[in-house]
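Some features that Swiss-Prot has for this protein:
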- Glu10: Mg(2+) binding site (BINDING)
- His16, Asp168, Gly169, Lys170, Ser236, Gly237, Arg238, Phe239, Asp247, Arg253, Lys254, Ala270, Lys274, Lys278: ATP binding site (BINDING)
- Glu44: K(+) binding site (BINDING)
- Glu57, Gln100, Asp247, Lys278: L-methionine binding site (BINDING)
Amino acid sequence: MAETFLFTSESVNEGHPDKLCDQISDAVLDACLEQDPESKVACETCTKTNLVMVFGEITTKANVDYEKIVRDTCRNIGFISNDVGLDADNCKVLVNIEQQSPDIAQGVHGHLTKRPEEIGAGDQGHMFGYATDETPELMPLSHVLATKLGARLTEVRKNGTCSWLRPDGKTQVTVEYYNDKGAMVPVRVHTVLISTQHDETVTNDEIAADLKEHVIKPVIPEKYLDEKTIFHLNPSGRFVIGGPHGDAGLTGRKIIIDTYGGWGAHGGGAFSGKDPTKVDRSGAYIVRQAAKSIVASELARRCIVQVSYAIGVPEPLSVFVDTYGTGKIPDKEILKIVKENFDFRPGMISINLDLKRGGNSRFLKTAAYGHFGREDPDFTWEVVKPLKWEKA
């Protein structure tokens, strides 16, 4: 058999302090967009023991109760007492929000006077989209499994299957792969790591048994597990203190978990708390759709797309495509197809992916368990676009 290699991806679940902050920032964005789709939002959140602070620049006609959003989001995650790491109803909430800088406003959207195709990028930057044919979601298996384990931890906590669970937790999966002429083929799961917050009464043996039975078994397909698979289940021994009590949290600290689990590449810009004029978010969404559509149309088995911007300029500065040698046609042809089928101007991304629509917890849903590879009609960038091109 071909030579194999190991690759690892991690995830954290919704009670992790950094992810709590992402969710609060996106809950604020949802509330603003729901009432005023033209809202300009750059909302950061930080948290530590008994404190949540929301700060940033927001220009909106929406009437938003920031403190209520903070408390509701914390409560829905399960932070209902100091024992679990934060008490949603009694913690201190600080709000320090100002309007968007008029300098940025005139340069980007001309104080709302520009037509959609004229709207400039909200900042400079470069974003990457990635897709691979190794899973039905066209996402890396290591990332998919780590993410699903985290989501399952939350599910069995909330439905009472494992009542000893507390909100905070982390997962990590190492997959053995072989490289099939540039495409990634998973062979087996090499290692599964879960560290989850738990209550005082449960024993380590109970934790390990429950995690295997109720979390790992339903998530990881049997064909990937064998007698050599290594399990590290709460390897530190105790994880009673968690959430913001255990560690400080900050929006935008989990950008690899939000994307491709270390595969592909990342331009460094976080997503949560940003409206669609911020290309960190909208640019990353459109290049995911481009890469996914290339792989779904079987033009390549694996694909990365990069786009870059200058502040105030609508047209991208560059678009790049690499299929890692898996393309059915040369990469320069695929690049042409990408440019012909996708409009990378921020105002047009907003329209084509319907990104100004808030409410329905739309962006809040993206803020835990990944922005990509999700089957949900609100994740419009996951829709495969039928590609049109001149076949030579």
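Sequential numbering from 1, following the chain as shown.
Quick reminder: no glycine exception, Cβ is built from N, Cα and C everywhere.
Here the features listed in Swiss-Prot are painted onto the structure.
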residue	record	CB count, 10 Å
Glu10	Mg(2+) binding site	20
His16	ATP binding site	28
Glu44	K(+) binding site	22
Glu57	L-methionine binding site	16
Gln100	L-methionine binding site	22
Ser236	ATP binding site	7
Arg238	ATP binding site	10
Lys254	ATP binding site	24
Lys274	ATP binding site	27
Lys278	L-methionine binding site	23
Reduced DSSP state (H/G/I helix, E/B strand, rest coil) at Asp247 (ATP binding site) is coil
Using only C-alpha positions, which one of His16, Gly169, Asp247, Lys274 is spatially nearest Glu57 (L-methionine binding site)? These are the binding-site residues in the record. Lys274
Provide, as an integer number of angstrom, the distance between the C-alpha atoms of His16 (ATP binding site) and Glu44 (K(+) binding site). 16
Nearest of the binding-site residues (Glu10, Glu44, Gln100) to Lys254 (ATP binding site), judged by Cα-Cα distance: Glu10
Nearest-integer angstrom distance between the alpha carbons (Cα) of Gly169 (ATP binding site) and Lys278 (L-methionine binding site): 30
At a 10 Å cut-off from the C-beta of Gly169 (ATP binding site), count the other C-beta atoms across all protein chains. 27
CA-CA within 10 A of Ser236 (ATP binding site), subset of binding-site residues Glu10, Glu44, Gln100, Lys278 in residue order, equals none
Just how many other Cβ atoms lie inside 10 Å of the Cβ on Asp247 (ATP binding site)? 17
Taking the Cα of Glu44 (K(+) binding site) as the centre, which of the binding-site residues listed as Gln100, Arg238, Asp247, Lys274 lie within 10 Å of it? Lys274
Looking only at C-alpha atoms, tell me how far Lys278 (L-methionine binding site) is from Arg238 (ATP binding site), rounded to the nearest Å. 41
Between Lys274 (ATP binding site) and Gln100 (L-methionine binding site), what C-alpha distance do you get in Å? 12
Distance, Asp247 (ATP binding site) to Gln100 (L-methionine binding site) (CA atoms, angstrom): 30
